[in-house]
């Protein structure tokens, strides 16, 4: 007789376990599964659980040398997606022991590493992950977090203001530094390297760092406020990235920046550790995210990438603007904005949150609204994102007819007017335009900005 039962058997026999009670230490995943025609959802869900944990396509002799019951992923619930044909949400529980501590890289390699090319599935999307406190505690998380950042910058009770320097490619280092100085002098808190500014022939990184540091110190002296410029440390190797971060620290600047998806989670986590040890804030850009998260039925939802960033480490992350998008998008976006900032977030399917997430006092991340926004959007942005955010106006600062500094003044005046109105109990949703118009009366810079972008009409519903 044969020592073990060889052969291929259905995944659902081993990996679909609807009676399973999830443990507090399990990592839970919600997958949107689109099976191939003729594949039952239980088999598809079981296949996902198997391929992303202990399973392979056939029974193997070495299965007898370990305890599958202890280590296997389990598909414990399947529900059809309302309004979609042949789409299901498969819930999978993974034992904590399957994952290396403090490694976002390993977590993703396990959960989404292999299973997305699986033949039995037409498409697969990871919609959400529940990270148990036991695993959260193995991560350092953001270098500083929201409260420490405010204390470092001495800025309270309002969103922070930023601006991406444009044209993003082609300026010399000295002209780049000049643009930075004008923006900071006018009243912005931060300026930003574009995500694709690394170290190109027309502007090497060291020159840029030096001129930007000079701009920061001059603007601080002139305004009496703490200023920063997100110096992009992203590089072709981790060693080069660290070299840039070290140089930024030696210049005494407050913040550096990293592209966490193109740079990779391993590089990002190393940089985050360096930033915490050396008092640097870390701004995170999400370049490449849409490649992964844009398709509705395949890929990884951004809320998962956002959770991963909070674990890997970053003090700011770009998270969309909400403004002018569809209503549903707003709720979904605010769902992952809360996942980034709050300590404890309740399950809420209407906001796309599949699991209750307890971050057990891992520091929070400031969400960054950036892209196509201008002064008329300020009331909406203040209302939607609240104080713990960075509002970034690239063209909305540099496109001002009088130049960068007046563009910065216009944004700062608009923001202060909105914050004051909110604190006085006025409703930004209904009175936003009036608040901006009134502020124009005592700021010619704002009036000029409002004139340039007045065509873009903007109304939004109250929360």
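Residue numbering: from 1, along the chain as shown.
Glycine residues also receive a Cβ, built from the backbone N, Cα and C atoms like all the rest.
Among the features that Swiss-Prot reports, N6,N6,N6-trimethyllysine is placed at 5. Per Swiss-Prot, the feature active site, proton acceptor maps to 166, 285. Marked as N6-carboxylysine by Swiss-Prot: 192. What Swiss-Prot records for 192, 194, 195 is Mg(2+) binding site. The site 'Transition state stabilizer' annotation in Swiss-Prot covers 325.
Cα of residue 195 (Mg(2+) binding site) to Cα of residue 285 (active site, proton acceptor): a span of 7 Å. Counted within 10 Å of its Cβ, the other Cβ atoms near the residue listed as 'N6-carboxylysine' come to 30, all protein chains included. Cβ neighbour counts within 10 Å, taken over all protein chains shown, single out 195 as the most crowded of the binding-site residues 194, 195. Across the structure, residue 194 (Mg(2+) binding site) and residue 166 (active site, proton acceptor) are spaced 8 Å apart at their Cα atoms. Residues near residue 285 (active site, proton acceptor) in space but far in sequence (CB under 8 A, at least 6 apart, same chain), listed by position: 195, 232, 257, 258, 259, 260, 317, 318. In the three-state DSSP assignment, the secondary structure recorded for the residue listed as 'N6-carboxylysine' is strand. Same-chain residues that are not part of 192, 194, 195 yet have a Cβ within 8 Å of the Cβ center of the Mg(2+) site turn out to be 164, 165, 168, 193, 196, 197, 230, 232, 257, 285. The two recorded residues the residue listed as 'N6-carboxylysine' and residue 166 (active site, proton acceptor) have their Cα atoms spaced 9 Å from each other. The C-beta environment of residue 5 (N6,N6,N6-trimethyllysine), restricted to residues of the same chain at least 6 apart in sequence and closer than 8 Å, consists of 59. Summarising the environment of residue 166 (active site, proton acceptor), the number of other Cβ atoms within 10 Å of its Cβ, over all protein chains shown, is 15.
Reduced to three states, the DSSP call for residue 166 (active site, proton acceptor) is coil.
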